[in-house]
Amino acid sequence: MAPQQQQVEEDEHVYTLDEALTALGFGKFQYLVLGYAGLGSMVDAVEVMILSFIGPAVKSQWGLSSTQETLITTVVFAGMLIGAYFWGILADNYGRRQAYFPFLVITEKVYVGVSLFQIGKSLLIVAIVTTVSAFLSSFSPNYISLLILRMLVGTGLGGGPVYGSWFLEFVPSRNRGMWMVIYSTFWTIGTILEALLAMIIMPRLGWRWLLALSSIPSFAALLLYIFTVESPRYLCAEGRISDAHDILRKIAVVNQTKLPPGMLVSDQVTQLDEEEELLRPRANKIFNFKTGLSSSLMLLSPQLLRITLLMWVVYFGNSFAYYGIILLTSQFSAGESQCFSVALHVKNDTSLYTDAFITSLAELPGLLISAVVVEKVGRKYSMALMYIMGSLFLFPLVVPQNEALTTALLFGARIWFIGTFTLAGVYCPEIYPTSVRSTGCGVASAVGRIAGMVSPIVAVQLVRGCHQMAAIILFEVVVILSAISVLLFPVETKGRELVDHVSL
């Protein structure tokens, strides 16, 4: 009777997903998830960082204009804009791992919809698109083919937020911010390795070899995909409690820990009306374009409107400042401007790669500072402080400076802007509920990609057109607006449990 009575008592107990993750702890399983998600982040960093190297090289080899050089960067961010929106909706509707490929179908009623043919998983498709396009771009025979392939690379890179959302949903709430900062470290590792690779490869083998070798992390992500599992939080949000429990049992085995006694239940009793239910289609439903649109419109619901609009400003500012610093480094190092005296810009052929490598190292102290303040000061005030510090380092560049001071100022600015970039990546998935988390982060990332498309015009065209002061002032205005937006966020997410659904 004693074992039976114990079983009955256990059945009467229930526990939530957050309680389960807390009991399981951050162990070997989460380290493996971190490794794969971090690899995906490295892929993003490598393919973005490479833009500052191949642009000047291709321009010189093919005799391109400054506008054509700028377009090489712009099309990548245009692809990321499309990809960020598409992958986010796909991940929220069909899982972080599960995906369905859309095919247009015309029914007897001449209704154009999308039938779902299962061909793989969202993370898998992201890896395939990025890997194939990145590798093939190294064989581009002409300018047009290079633009097309780099835009496809950008489309794959748009799935980057899915990696972050996927990792976040395996992490216990305690010290979650610190672990998200550690996840962001993989981005920095990617930028440093790419700058180091460019220093070695570009002077000897050229930009084609750099593109080919830079696709290695993408191939690794593709090969390691088979070891990934679906997010248990997403499964719980979809009502697939049994599937979520199976994943949690696997985590317990790998971590050599135990689940709490009793039965797994959803984190909160949800009150979903028919409208929200339609926004979350199951695998056996017909998906049409209205579904994706409705998922995006949920971000503009009264409960999320303020958060969404402010998040868009922050992501725009982060991308504008961060990618602007990278491109400014290449422009100030290129020594091509006729606007300044030779004394200010005496450069050699390898200075671009050296300066890029040095400024990339700035991200390490930036991440260290982020890891310290994220759990002590919180997300909001930490970001606001970092925006202010970054703007102070950037401001002296309104007038031309000597090489050493320019590199030092860009180094300092990058310390703080990688901090704002990182903490926004922590705050965004925390503030959005599970049902729209990837969509919210994906759309915010897409807005950031718009900034990535605009940033080359400011950092490349204005600087080369002898308008350095105007360029820096524009950067300062965007940074200040971003700092104000951060302070207007309604809640601080430090120590706050993740929410699964929007209360409509």
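Cβ coordinates are placed from backbone N, Cα and C, and glycine is handled just like the others.
Noted in TrEMBL for the protein shown:
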- 33-494: domain 'Major facilitator superfamily (MFS) profile' (DOMAIN)
- 31-58: transmembrane segment (TRANSMEM)
- 70-90: transmembrane segment (TRANSMEM)
- 110-137: transmembrane segment (TRANSMEM)
- 143-168: transmembrane segment (TRANSMEM)
- 180-201: transmembrane segment (TRANSMEM)
- 207-227: transmembrane segment (TRANSMEM)
- 304-325: transmembrane segment (TRANSMEM)
- 356-374: transmembrane segment (TRANSMEM)
- 381-399: transmembrane segment (TRANSMEM)
- 405-428: transmembrane segment (TRANSMEM)
- 440-463: transmembrane segment (TRANSMEM)
- 469-489: transmembrane segment (TRANSMEM)
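Of the Cβ pairs linking the transmembrane segment (180-201) with the transmembrane segment (356-374) and spaced 6 or more residues apart, 3 or more are under 8 Å, so the two regions touch. Within its own chain, the transmembrane segment (304-325) is flanked in space by residues 48, 298, 359, 383, 387, 390, 394, 410, 413-414, 417-418, 420-421, 424, 428, 431-432, 436, 440, 443-445, 447-452, 454-456, 458-459, 475, 478-479, 481-482, 485-486, 488-490, 502, which lie at least six positions past its ends and keep a Cβ under 8 Å from the stretch. Below 8 A, the CB atoms of the transmembrane segment (143-168) and the transmembrane segment (207-227) form no more than two pairs separated by six or more positions in the chain, fewer than 3 in all. Put simply, of 31-58, 207-227, 405-428, the stretch with the most CB pairs closer than 8 A to the transmembrane segment (440-463) is 405-428.
Among residues of the same chain six or more beyond the transmembrane segment (31-58), those with a C-beta under 8 A of the stretch's C-beta atoms are 64, 69-70, 72-73, 76, 123, 126-127, 130, 134, 143, 146, 153-154, 157, 159-160, 163-164, 166-167, 170, 179, 182-191, 193-195, 198, 202, 206-207, 210-211, 214, 217-218, 220-221, 224, 227-228, 254, 323, 326-327, 329-330, 334, 352-353, 356, 360. Counting residues 6+ beyond its ends, the transmembrane segment (405-428) has Cβ neighbours under 8 Å at 164, 176-177, 180-181, 184, 188, 311, 314-315, 317-319, 321-322, 325, 328-329, 332, 355, 358-363, 365-367, 369-370, 374, 379-380, 382-383, 386-387, 389-390, 393-394, 396-397, 440-441, 444, 482, 489, 493 in the same chain.
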